[in-house]
Amino acid sequence: MTFPVIGVVGGGQLARMMAPAATALGLELRVLAEAEDVSAVPAVPNAPVGDYRSLDDLREFARGVDVLTFDHEHVPTEHLLTLMAEGVNVQPGPGALVHAQDKLRMRSAVDALGLPNPRWRAAHHVEELVAFGDEIGWPVVLKTPRGGYDGKGVRVLRSRADAEESIDWFGTMTPLLAEEMVEFSRELSALVARTPDGQSRAWPVVHTIQVHGVCDEVIAPAPGIDPAVAAAAQEAALRIADELGVTGVMAAELFETPGRGVGFLVNELAMRPHNTGHWTQDGCVTSQFEQHLRAVLGLPLGATDVLGEWAIMKNYLGGANQDLFSAYPAALAADPAAKVHGYGKSVRPGRKIGHVNLVGGAGSDPDELRARAARVAAIIRDGASAPGGADAPQDLPARPKEKA
Ligand code: ADP
């Protein structure tokens with residue numbers, strides 16, 4: 001057997017969802033899990049528990065794999081550099097990955113590539129932050145450059161007084177990233193994959209809806225998007241991947257800004273399969289999880305054609321229902337076309353525990369698909385008999401703000 005072994009650092013739902021793709025290709029996936037009970041452990045036969053912050057644990061794990069890749073972006077750069085120096089094949093490499101780990105590095109790189117950023121600055125102390133806000137106007141968005149996710153590490157400062165109150169953040173990490181509060185019509189995501197030898201592919205640009213900083217829904221492709229904006233966004237993501245030497249899947253999260261510049265600004269980069277790409281599991285010839293495996297192995301990439309006219313992804317977070325399976329009969333009966341992807345996680349309020357994908361053929365209506373996907377997700381989240389569950393009519397989700 002000469003099939004390679006892929007090692008994923010981190011045992012979250014992204015690693016879990018790589019498992020079926022690895023199985024289909026006949027590849028072995030191993031996971032360095034944070035604990036016995038994380039999402040990916042039941043999905044892969046070989047999932048040792050270890051600490052991604054420990055060089056020894058990483059080393060030990062890397063010994064048995066042909067390529068090392070990631071479920072999250074938190075592995076310290078210095079450990080990856082050490083592993084590489086010791087001959088480990090790390091994909092994406094630390095030089096690329098740092099732009100997904102550190103938002104200040106990302107902003108500088110986007111500027112250097114001549115791609116559109118919001119106005120920003122590195123703020124070393126409150127006075128710099130206040131000066132920035134006074135210069136560009138309030139509100140200002142303050143971010144911790146490292147360690148944030150799902151809106152944690154993002155604060156909106158409405159005034160000088162708010163800025164002065166953010167002194168606590170300066171104690172923990174400096175400099176911080178200060179950005180203008182962008183007036184966007186909606187958020188987009190441009191998902192691409194790239195191999196170490198520079199082959200790349202893009203999926204259609206999608207509309208992503210965030211609720212409290214967490215991805216809630218994705219509509220693929222982004223309805224009514226200006227084709228020139230979509231093309232420019234794909235091109236920008238491919239260029240970023242190329243010039244930063246990204247390997248595997250990369251998501252460029254964008255703000256759509258009609259009438260301003262090329263029509264979008266870069267928000268942030270993720271270098272791994274991404275929540276905004278989950279729709280590809282059921283909506284595309286090649287899912288982002290399969291593509292990530294192909295890409296990190298340097299294999300030919302798969303086609304990214306969409307398998308319908310529209311694809312919807314609706315996340316469900318932990319809610320009232322603790323016994324998710326008890327809601328499955330009602331949820332699956334509500335919509336036989338819906339594809340449920342559960343993460344095998346215990347239910348905690350606000351925790352991402354699964355998503356529903358729904359693909360619509362020619363002539364389908366994205367809003368109707370959204371309502372159907374939301375209904376299935378709500379039944380699982382709330383339980384079959386709760387308000388909003390199978391017995392109650394489900395409100396149509398608010399129509400996303402179309403561009404002006
Ligand atoms: P995270 O790394 O936690 O995902 P992001 O930087 O993507 O953080 O910010 C989370 C959300 O906050 C974004 O999806 C967007 O809705 C909002 N946001 C972030 N930066 C800005 C900004 N400069 N202007 C307006 N909204 C923003």
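From the backbone N, Cα and C atoms, a Cβ is placed for every residue, glycine too.
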Based on TrEMBL, name the residue from LYS143, LYS314 that is recorded for the same ATP site as LYS103, GLU179, GLU180, MET181, VAL182, GLU187, ASN267, GLU268. LYS143
Quick one: which of 342-362, 384-404 does TrEMBL have down as region 'Disordered'? 384-404
Over the domain 'ATP-grasp' (107-297), work out the mean pLDDT and round it to an integer. 96
Including all protein chains shown, what's the count of other C-beta atoms within 10 A of the C-beta of GLU179 (ATP binding site)? 21
Within 10 angstroms of the C-beta of LYS103 (ATP binding site), what count of other C-beta atoms is obtained when all protein chains are considered? 24
Which number gives the other C-beta atoms within 10 angstroms of the C-beta of GLU268 (ATP binding site), all protein chains shown included? 16
Between the binding-site residues MET181, GLU187, whose Cβ has more other Cβ atoms within 10 Å than any of the rest? GLU187
